[in-house]
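Visitor: Okay, here's the structure, questions in a sec.
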Amino acid sequence: MATKVGINGFGRIGRIVLRNALEHGDIDVVAINDPFIDLDYMVYMFKYDSTHGRFKGKVETKDGKLVIEGKPISVFGERDPAAIPWGKAGADYVVESTGVFTTIEKASLHLKGGAKKVIISAPSADAPMFVCGVNLEAYKPEYEVISNASCTTNCLAPLAKVIHDNFGIVEGLMTTVHATTATQKTVDGPSHKDWRGGRGAAANIIPSSTGAAKAVGKVIPSLNGKLTGMSFRIPTSDVSVVDLVVRLEKGASYDQIKEVIKKASEGELKGILGYTEDEVVSTDFLGSTESSVFDAKAGIPLNDKFVKLISWYDNEYGYSRRVCDLIAYVAKKDKSA
């Protein structure tokens, strides 16, 4: 039986999580809350998407609900998470995708409305973080609020895990060349905490900070303190790429590195870590449901212990698919607890 889910925040990730949920089979979205989008506008925003294209099915309103392919979804417009009637709507698990309620204390407010568990679709300062294919075994049913980490951590961690398990990572630096996101400005505007981040997104390559590499140490404890990184925001709408430079404990040829990544992509990390030897560019990964796709032809070894590895990710679609996978996993664990 499909897990009943509510979505708080119908922005980029909220909408793409819903698209993924409709494809997933194990996830049944029964309610959406967004105080800034009325029902008619919700239909429009879900139906038309500049990046992923028009939704192929029928989207309409009926009796105050959002109806997709004949399936009714309750819609609320509460600003206070504690006031959202998740329980009444039948939502056991809530995807917190506003980007605002990212701590345990704030995300826990959803529990007051009847939700049983909250999955934050962003990194969290204090909630346990999980990355599919990396540390799901650490999940405990008593957790009420968990985080799906960031899209970049979801790309980096599976790759780092394979390399670390096979050759050992002494240390590493990561750069993510990252597509534009909703927090950026179309033209120069005020951004008091991040001056560079306030510059026009369409006109610039913008250096930015990211905690994605350090967060790998939270999901792979043996890598704690061994990785850090930065981001370049670039003028594309979606798809990003991780550039990971690592020093290895155990020497390996680039062919050996490719071999273990390919094996993992066909085995224990199938569907999460992909592998390609094609001459690909970013748009080739639009709509990719994998967390990370290793680009075998783009990497460069300097010697047998120092190597640059490249991996692509659809920072919207692939990440949203993992949100659905994480919910399906924890729901199964919760039922068997």
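From the backbone N, Cα and C atoms, a Cβ is placed for every residue, glycine too.
Annotations per Swiss-Prot:
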- C151: active site, nucleophile (ACT_SITE)
- R12, I13, D34, R79, N315: NAD(+) binding site (BINDING)
- S150, C151, T152, T181, T210, G211, R233: D-glyceraldehyde 3-phosphate binding site (BINDING)
- H178: site 'Activates thiol group during catalysis' (SITE)
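Where in this structure would I find these features, and how exposed are they?
Guide: When other Cβ atoms within 10 Å of the Cβ of C151 (active site, nucleophile) are tallied across all protein chains shown, the result is 29.
The Cβ of I13 (NAD(+) binding site) lies under 8 Å from the Cβ of S97, S121, E316, Y319, S320, V323, each of which sits 6+ residues away along the same chain.
Sequence-distant neighbours of G211 (D-glyceraldehyde 3-phosphate binding site) (same chain, six or more apart, CB under 8 Å from its CB) are P123, S150, listed in sequence order.
For the recorded site, H178 (site 'Activates thiol group during catalysis'), the DSSP three-state label reads strand.
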Visitor: Roughly how many angstrom lie between the C-alpha atoms of T181 (D-glyceraldehyde 3-phosphate binding site) and C151 (active site, nucleophile)?
Guide: 12
Visitor: Check each residue in the chain of H178 (site 'Activates thiol group during catalysis') that is at least six apart in sequence and keep those whose C-beta is under 8 Å from its C-beta; list them in sequence order.
Guide: T152, S208, T210, S231, F232, R233, I234, S240, N315
Visitor: Within its own chain, what residues at least 6 apart in sequence put their Cβ under 8 Å from the Cβ of D34 (NAD(+) binding site), listed in sequence order?
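Guide: Those within reach of D34 (NAD(+) binding site), by Cβ under 8 Å and sequence separation of 6 or more, are N8, G9, F10, G11, G14, M42, V75, F76, G77.
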Visitor: Among S150, C151, T152, T181, T210, G211, R233, which the record lists as binding D-glyceraldehyde 3-phosphate, how far apart in Å are the two most distant Cα atoms?
Guide: 16
Visitor: Tell me the Cβ neighbour count for N315 (NAD(+) binding site), meaning other Cβ atoms within 10 Å of its Cβ, over all protein chains shown.
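Guide: Its Cβ has 24 other Cβ atoms within 10 Å.
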Visitor: Among all protein chains shown, how many Cβ atoms are found within 10 Å of the Cβ of R12 (NAD(+) binding site), not counting that one?
Guide: 21
Visitor: Whole-number Å distance between the CA of C151 (active site, nucleophile) and the CA of R12 (NAD(+) binding site)?
Guide: 13
